[in-house]
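Taken from TrEMBL as is:
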- D51, D90, E122: Mg(2+) binding site (BINDING)
- D51, S52, D90, K120: 3-methyl-2-oxobutanoate binding site (BINDING)
- E189: active site, proton acceptor (ACT_SITE)
Amino acid sequence: MSVNKEIKRITTHVLQKMKHDGERISMLTAYDFSMAKIFDDANIDILLVGDSASNVMAGHETTLPITLDQMIYHAASVVRAIKRSFVVVDLPFGSYQGNSKEALNSTIRIMKETGAHGIKIEGGEEIIESVKRIISAGVPVMGHLGLTPQSIYKFGTYAVRATEEAEAQKLLNDAKLLQDAGAFAIVLEKIPAQLAKKVAEALEIPVIGIGAGKYVDGQVLVMHDMLGINKEFKPRFLRRYLNLYDQILDATKQYITDVKGRDFPNDNEQY
Ligand code: KIV
């Protein structure tokens, strides 16, 4: 297992080479300077400024409410922290569905105002014109298929997608269309592992999974889930690496006890 420490900057070419060499790609979401700095220092390959910020940072039930201005604020904070990682920013709901010009204008704002390296967009055939137009402007595009959270009201459920043949076939076609349009990578969310394997084998570009099994070229998790900041969200695909909710809760309780008990600050903690 290589973590490519010798690579100074992750680019789309580096990611393509990782797929070619069979080296798995690591990706996490980030929304602020401090966490992005830690992830970058740990040599994460891709940081996604996901529209999941709408859930985990702003407390909304879905990703739909977050605005382009809010995504730009989060993305600029992340970009200020990084030296090595490739930073991808989600086009939020309502910033691209109108037409390809709208999609390009939103992308240009993200690229100019944040310094990020690429964008992610949800959907397949229906957004292909936008993907082509954004790429023709020189911006790397990451696709996102399967459970696309911006369509949650159409799906009506967060259950596994593409378990039926027709939806699985459409997903495979959409993945090929995205690759042909020039996308540099695709995220597959919450689909059967065997379908994700088929997609990863059919494509030349990296396929990164979340709840899409072990046969894809890389994995992404939402940082709050990976670090155990969320306690309620427990899907089968999630592996928690810390239990930060309980650790922060305990630390906060101890701080309150120390303040109330006049233990903090002590003689050495004052001027
Ligand atoms: O917004 C997000 O965090 C995402 C990941 C779940 C891939 O799109």
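For all residues, glycine too, the Cβ spot is worked out from N, Cα and C.
This view paints the features noted in TrEMBL onto the structure.
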{"residue": "D51", "record": "Mg(2+) binding site", "Cβ within 10 Å": "28"}
{"residue": "S52", "record": "3-methyl-2-oxobutanoate binding site", "Cβ within 10 Å": "21"}
{"residue": "D90", "record": "Mg(2+) binding site", "Cβ within 10 Å": "28"}
{"residue": "K120", "record": "3-methyl-2-oxobutanoate binding site", "Cβ within 10 Å": "22"}
{"residue": "E122", "record": "Mg(2+) binding site", "Cβ within 10 Å": "25"}
{"residue": "E189", "record": "active site, proton acceptor", "Cβ within 10 Å": "22"}
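Same-chain neighbours of the 3-methyl-2-oxobutanoate site beyond D51, S52, D90, K120, judged by a C-beta within 8 angstroms of the site's C-beta center, are, in sequence order, T29, L48, V49, G50, A53, T63, M71, V89, L91, P92, H144. Listed binding-site residues: S52, D90, E122. Those with a CB atom under 6 Å from ligand 1: S52, D90. Reported as a whole number, the C-alpha separation between S52 (3-methyl-2-oxobutanoate binding site) and E122 (Mg(2+) binding site) equals 13 Å.
According to its DSSP assignment, S52 (3-methyl-2-oxobutanoate binding site) is coil. In the three-state DSSP assignment, the secondary structure recorded for E122 (Mg(2+) binding site) is strand.
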